[in-house]
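Reading through the structure tokens given below for one structure.
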């Protein structure tokens, strides 16, 4: 991936003469005249957000033209990259790097993660290479180029997709072989996480004292705050604990990585609550299916907040909390899991009653009768909610008191927060 990004940057930067702007022929002459008079002009190379997955590398474009000014001494431009907004839109002024006279100075918090691969060989290409990406890297970035009294800048939105979550089988802790761990992630709209995914999650604060399989057949777990029983191979130091490469028949939990939601997760509640079978049926009535664990984590990652335990497709009961509050499972954000026992094992019985979390894909197929009574064909059917059903993205603060099960284990994605 890095080689591909560098090739793209080289092609862009190696074009002869000033880089052309993406403009109509009618505006090119005016732009060229203004550029020649001004001397410095930022190229707008695209629109919309740059999207990339967790733990990958991404190139944030920053291209400009530079013309000599008549009668002025030749002066090198000063390039500065800054993060100006978080993913939530909160204002931020976080310096990343400054480059001038062939020297690049990187701010402490970004060292080892950013570079200007085309600079200084191609001084008009200040594209920033960032990675491995963390969830907290999402936000708005500014590239500023200054030469003398001339000042040009461009803004680049970045969206980091994907979430890492810990998964435990329905019956007991540490009960999955490597093959079963892979299948468990697949059934929950995810793949088994790679070491780079878990490392990126840890660097954003992911802390979980449960050993789990990763894609390279190693067993690891992330600890930000060392404590008895969680030291592993790093004693009292924070870090990702590593048991090394294990026999695939050994039993552990698993860490999964869900990349894209591809639809919407929504909450369905009925006055009488639902059994697992009833929850499946109710989602079907809404033109949807029960959401998977991965889909609920992705929805939480995108902002879903609901203080109501609900069934998921794997037979577990969970609920997403963005804003911690009383009776909603603890003081930190995350996806809560309801277990039957105090040691955080055993999903609730299918006959117990909870609400439901449903998933409707961007084009969810359902069987329906064709006109004239012919064979069923694939169609999309999204009926309105029947009387007595409410759909919501936010719940009441009393919901955590409705059930008698042990609650709550918290599984959380990396989102500029601290983790238990």
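All positions are counted from 1 along the displayed chain.
Glycine is no exception: its Cβ is also placed from the backbone N, Cα and C atoms.
TrEMBL: automatically predicted annotations, no manual curation.
Annotation source TrEMBL lists signal peptide at 1-21.
In terms of DSSP secondary structure, the domain 'Ig-like' (25-156) contains 20 helix, 60 strand, 52 coil. According to TrEMBL, the domain 'Ig-like' annotation covers 25-156.
Annotated domain 'Link' per TrEMBL: 163-258 (among others), in sequence order. Summarised as a single figure, the pLDDT of the domain 'Link' (163-258) averages 96.
Under the heading disulfide bond, TrEMBL lists 209-230 (among others). Annotation for residue 230 (disulfide bond): spatial neighbours 209, 221, 223, 241, criterion Cβ-Cβ under 8 Å with sequence separation of six or more.
The domain 'Link' annotation in TrEMBL covers 264-360 (among others).
In this structure, residue 307 (disulfide bond) belongs to neither helix nor strand by DSSP; it is coil. Annotation source TrEMBL lists disulfide bond at 307-328 (among others).
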Residue 209 (disulfide bond), number of other Cβ atoms within 10 Å: 17
With helix taken as DSSP H, G or I, strand as E or B and everything else coil, how many residues of the domain 'Link' (264-360) land in each class? 19 helix, 29 strand, 49 coil
